[in-house]
Amino acid sequence: MSWKILFFGAINLTCTGFLLMWCSSTNSIALTAYTYLTIFDLFSLMTCLISYWVMMRKPSPAYSFGFERLEVLAVFASTVLAQLGALFILKESAERFLEQPEIHTGRLLVGTFVALSFNLFTMLSIRNKPFAYVSEAASTSWLQEHVADLSRSLCGIIPGLSSIFLPRMNPFVLIDLAGAFALCITYMLIEINNYFAVDTASAIAIALMTFGTMYPMSVYSGKVLLQTTPPHVIGQLDKLIREVSTLDGVLEVRNEHFWTLGFGSLAGSVHVRIRRDANEQMVLAHVTNRLYTLVSTLTVQIFKDDWIRPALLSGPVAANVLNFSDHHIIPMPPSKGADDLNPVTSTPAKPSSPPPEFSFNTPGKNVSPVILLNTQTRPYGLGLNHGHTPYSNMLNQGLGIPGIGATQGFRTGFTNIPSRYGTNNRTGQPRS
């Protein structure tokens, strides 16, 4: 296959060289515009060669999606270059309208048939997969629409032609035939009436047909390069997403993104949130099975529901839950020097700044670390009375029971707090 493409490429270069020489000898800009279609055929052969190379390559770690986008880039570059050539022809034709040169028809008709024969032979001999897909997937050009209207009328008279002209003709075959027809009219009018301006008019017509044919293809391939979602599959994708959201164990489908990776291949990624008791592999298999009908390259990220309901503790509490070490230090923020603090706002004082408008007497702003010491040695047990803690007189208001000694609680000054849930220090017996 590759040798066949290279062989046609060599013939194309030879044919293009002869056509450019005949364009110079005839001084025909219409033949030059038609020769640009032969140069476009060379770009088409290069695209076909790239497609064949991409088909043999496999995805690599650096290019995890493969090299399919090279085909898209080749089609986009070829169509854009063809449009630039058409714009160049329009510019040259505008200059020729001011001063129309004489046209020699000696090689005009010969060059037309050589270019037409080679273009048709190339398109019919080599299956160009990228351009064949784009010509069918892209929107119709204005030339195709007008020919389709004429074909419907003609097929009404001769129904057998419907398989050739309907629903729409190949755009490349159509522009080759239309360009050759314009050159034939140019040759006849120049030979009959020496009407040289028709050559410029034919060049403008060929340039407009070229631009109108290539523009929809460049737009389609450009959208693929921009990773957009094809409009004709949006409805099908929405239906599949709704089906996935109704699967057993699926709570939410979000962050879905689908784009065209290459011609005819769709890639996508989706996040699926499932229940905590759902089987991840089972859900992944169902989601992939549903979306794989449209999306050939799919990335599914499944995560379980992270919302945790707070559970209430029940049953007995461990015996050492309420016990701390004998010497427990409660860390406090480091106190600042008295010289650096403002006694009103507890911020570094600035001699030049005026006193604040509002001040708050915040308690505990200059509190040093509190060290709670216990000089008695005791086992880590429950219900043992070790006397009053240093701050018991201040913190046990309303918590202590008259007539009962203060017991060791959280070691922060609270007294008469039972060390085990369901135990009363007054009797030492469990509650009923």
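Note: Cβ is positioned from N, Cα and C throughout, glycine not excepted.
Feature list (source: TrEMBL):
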{"type": "DOMAIN", "residues": "7-226", "note": "domain 'Cation efflux protein transmembrane'"}
{"type": "REGION", "residues": "333-363", "note": "region 'Disordered'"}
{"type": "TRANSMEM", "residues": "5-22", "note": "transmembrane segment"}
{"type": "TRANSMEM", "residues": "34-55", "note": "transmembrane segment"}
{"type": "TRANSMEM", "residues": "67-88", "note": "transmembrane segment"}
{"type": "TRANSMEM", "residues": "108-126", "note": "transmembrane segment"}
{"type": "TRANSMEM", "residues": "172-190", "note": "transmembrane segment"}
{"type": "TRANSMEM", "residues": "196-215", "note": "transmembrane segment"}
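Residues of the same chain lying 6 or more positions beyond the ends of the transmembrane segment (34-55) and with a Cβ under 8 Å from any Cβ of it are 1-2, 5-6, 8-9, 12-13, 15-16, 19-20, 23, 66-68, 70-71, 74-75, 77-78, 81-82, 85-86, 89, 111-112, 115, 118-119, 122-123, 126-131, 175-176, 179-180, 183, 206, 210. For the transmembrane segment (108-126), the partner stretch with the highest count of Cβ pairs under 8 angstroms, out of 5-22, 67-88, 172-190, 196-215, is 172-190. Listed by sequence, the residues of this chain that lie at least six past the ends of the transmembrane segment (67-88) yet keep a Cβ under 8 A from its Cβ atoms are 33, 36-37, 39-40, 43-44, 46-47, 50-51, 53-54, 57, 129-131, 134, 207-208, 210-211, 214-215, 217-218, 221-222, 224-225, 261-263, 265.
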